Amino acid sequence: MKKLGTLLVLFLSAIILVACASGKKDTTSGQKLKVVATNSIIADITKNIAGDKIDLHSIVPIGQDPHEYEPLPEDVKKTSEADLIFYNGINLETGGNAWFTKLVENAKKTENKDYFAVSDGVDVIYLEGQNEKGKEDPHAWLNLENGIIFAKNIAKQLSAKDPNNKEFYEKNLKEYTDKLDKLDKESKDKFNKIPAEKKLIVTSEGAFKYFSKAYGVPSAYIWEINTEEEGTPEQIKTLVEKLRQTKVPSLFVESSVDDRPMKTVSQDTNIPIYAQIFTDSIAEQGKEGDSYYSMMKYNLDKIAEGLAK
């Protein structure tokens, strides 16, 4: 009997070692997967797929700039303890002050084992400015087709780490991506009806290149990315001169930037700011745009309305 007990202990130990080596977590006992997302957009997509099956921590607070961020002690702790970490990649958290690179290095986390870029598979667009030329444009989520890629990558890694809930994740993924796909198709039809001479989305940061490509609306901006100088007199003058040659009816300003440079552009061109829109963050809970889906629907509706005036 003693020998049998010893063999049973060895057998169970072997199972635990295999599970640890494969990176899978045993969630049958009710212990949830610990997941970290770098920003509110990725966190919301993750929540739509994982529901209450995980413990989720989002690092960059709603409304703050994910390009350059200083992690708090809680972020460091949660990252160190995480079973799975999702980040955007393509020059967002790893550009600027490279805060995410430092965070995962200090937590001794390994890429494609502990942390994964949800943008894997996106058709990347590159920056064009003198100081940023050749670097990746990180704002891929502003094209709903890329949001679907994000969701699929998230579901894949959740299922790999937590196979006990794979069916649950895949069911939620299907429902969620069908919803995003429907909004994407409806929005493309809407933008196709706007006259070509009115099609120009003007924002503070040049974050809408992926949006432009997806919905056939060229973009113009004051500065290209939030890691460079923002709203200099020269940048404003360049945009004002460009807009005077167009028939664009409306300007837009993002919720996460200083609106003063765009107000100057509006005054100098007599083109009104139609609406505040979202780029790097969803809205606070309970407000319009408080999820990735509602943020994108709000953006698509407001931009179409503003350009149709």
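Glycine is no exception: its Cβ is also placed from the backbone N, Cα and C atoms.
Database features (Swiss-Prot):
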SIGNAL    1-19  signal peptide
LIPID     CYS20  S-diacylglycerol cysteine
LIPID     CYS20  N-palmitoyl cysteine
BINDING   HIS67, HIS139, GLU205, ASP280  Mn(2+) binding site
Which residues, in sequence order, are found in the same chain with Cβ within 8 Å of the centroid defined by the Cβ atoms of HIS67, HIS139, GLU205, ASP280 at the Mn(2+) site, excluding those residues themselves? ASP65, PRO66, LEU92, PRO138, ALA207, ILE225, ASN226, GLU254, SER256, THR279
Assigned element (helix, strand, coil) containing GLU205 (Mn(2+) binding site), judged by DSSP: strand
Of all the binding-site residues given, GLU205, ASP280, which residue's CB has the most CB neighbours within 10 A? ASP280
CB contacts under 8 angstroms to HIS139 (Mn(2+) binding site), restricted to the same chain and 6+ apart in sequence, sorted by sequence, are LEU92, ALA207, PHE208, LYS209, TYR210, PHE211, THR279, ASP280
Cβ-Cβ neighbours of HIS67 (Mn(2+) binding site) (radius 10 Å): 21
